[in-house]
Amino acid sequence: MPEQCDPRPYDALLLLSFGGPEGPDDVVPFLENVTRGRGIPRERLKEVGQHYFLFGGVSPINAQNRELLDALREDFAENGLDLPVYWGNRNWAPYLTDTLRTMVHDGHRRIAVLATSAYASYSGCRQYRENLADALTALKAEGLEPPRVDKLRHYFNHPGLLRPMIDGVLASLAALPAPVRDGAHLAFTTHSIPTAAADTSGTPAEHTQDGAGGAYVAQHLDAARVIADAVRDRTGVDHPWRLVYQSRSGAPHIPWLEPDICDHLEAAHADGVPAVVMVPVGFVSDHMEVKYDLDTEAAAKAAELGLPVTRSATVGADPRFAAAVRDLLLERAAAERGATPQRCALGALGAGHDLCPVGCCPARSPRPAAAGADWPGPVAEARA
Ligand SMILES: CC1=C(CCC(=O)O)c2cc3nc(cc4[nH]c(cc5[nH]c(cc1n2)c(C)c5CCC(=O)O)c(CCC(=O)O)c4C)C(CCC(=O)O)=C3C
Ligand SMILES: [Fe+2]
């Protein structure tokens, strides 16, 4: 029998994700949910709808999350962690509010939340905290006593995320034709966001100016460097690398992080780079941004150029990632009990904060966000 792990004060874990359509009829309402009030050009939406229709209107993200739920439950059971795991989404069923309502009915009062975004940014962090605030407010309006929700820290530098990615890059290098393998460049890729959002990502102390990218870019560079260094140590070959971006939306006159992966492939080819491994460092599963924007669009661009490319695996439901989630949860539980837990992190930035401070990844127009120092409630009051 494994030793019992102590999850107190938590009585449940909530996996909080983006959600995606599960059939052709879901695509348009899903996109309406995603883009409500976010000023995305109609043309871009039509185009993105086509990406989903190409895959039968089914995003891979929900299946990926179901696999992760299975992996988490298995890991918890094997390690004596007796904690139920729930799943709720921002943009599609199971919707966050419905899941939280079920959790309250099941008697849960103190909930740890793992978002499927590993990095700081408005879209990947604060927007999930806004979704939690909206859900808690909705439950209160229904006459329920809202539970307390705590969002687990950013995990972009956790070994349980980075080690599977390192293995993925090694496998993708091995899959390249031998004559171009040693000369291959690594293109670490993540979701582009407006440079204004990048500059204000992370805590106020991490904000930057003039498109330097704030915590969002700094965290991706840190993760990429760990992976590139490990790959060099394992192969004995120093593969040049760069952080690039994908999946840009928004109006063309608003600056977003660049270069785009497809432009990068063109430039690399023009520079005589013999091959590229695309490393989706910004994503934790093979969802649509990976399956369409990389495996379909960027792969077609590479084929047109005659540039050999491979794409390395995301962490998905890797048991090492499930173990990392257990580690993050037990770490936070210990901290909430007043202990000083060891916090696993690779790279130069170290383990990030538990509680987002005021001004972390601000929204364009301020809205209530739970699970941070600016959320009215026991946490903010205790620290005030
Ligand atoms: C930083 C970031 C992540 C990574 C962190 C995280 O994982 O959360 C992410 C993930 C995802 N983004 C996704 C899908 C979409 N994102 C969109 C639009 C946008 N994303 C943005 C940023 C991010 N997005 C931004 C700044 C916009 C512009 C509108 C706005 O300011 O909000 C749109 C609208 C159409 C378009 O313009 O592309 C769609 C359909 C899916 C689901 C994929 C699937 O279905 O498998 C996932 C996991
Ligand atoms: Fe997105």
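Note: Cβ is positioned from N, Cα and C throughout, glycine not excepted.
Curation does not apply to TrEMBL; its annotations are automatic.
Secondary structure at TYR128 (Fe-coproporphyrin III binding site), taken from DSSP and collapsed to helix, strand or coil, is helix. Per TrEMBL, the feature Fe-coproporphyrin III binding site maps to SER59, TYR128.
The feature Fe(2+) binding site is assigned by TrEMBL to HIS191, GLU289. Listed in sequence order, HIS191, GLN246, SER247, PRO280, PHE283 are the same-chain residues at least 6 apart in sequence whose CB falls under 8 Å from the CB of GLU289 (Fe(2+) binding site).
Cβ neighbour count for TYR128 (Fe-coproporphyrin III binding site): 24 (other Cβ atoms within 10 Å of its Cβ, all protein chains included). Sequence-distant neighbours of SER59 (Fe-coproporphyrin III binding site) (same chain, 6+ apart, CB under 8 A from its CB) are GLY20, PRO21, GLU22, PHE30, TYR52, HIS287, MET288. DSSP gives GLU289 (Fe(2+) binding site) a helix state. Classification of HIS191 (Fe(2+) binding site) by DSSP places it within a strand.
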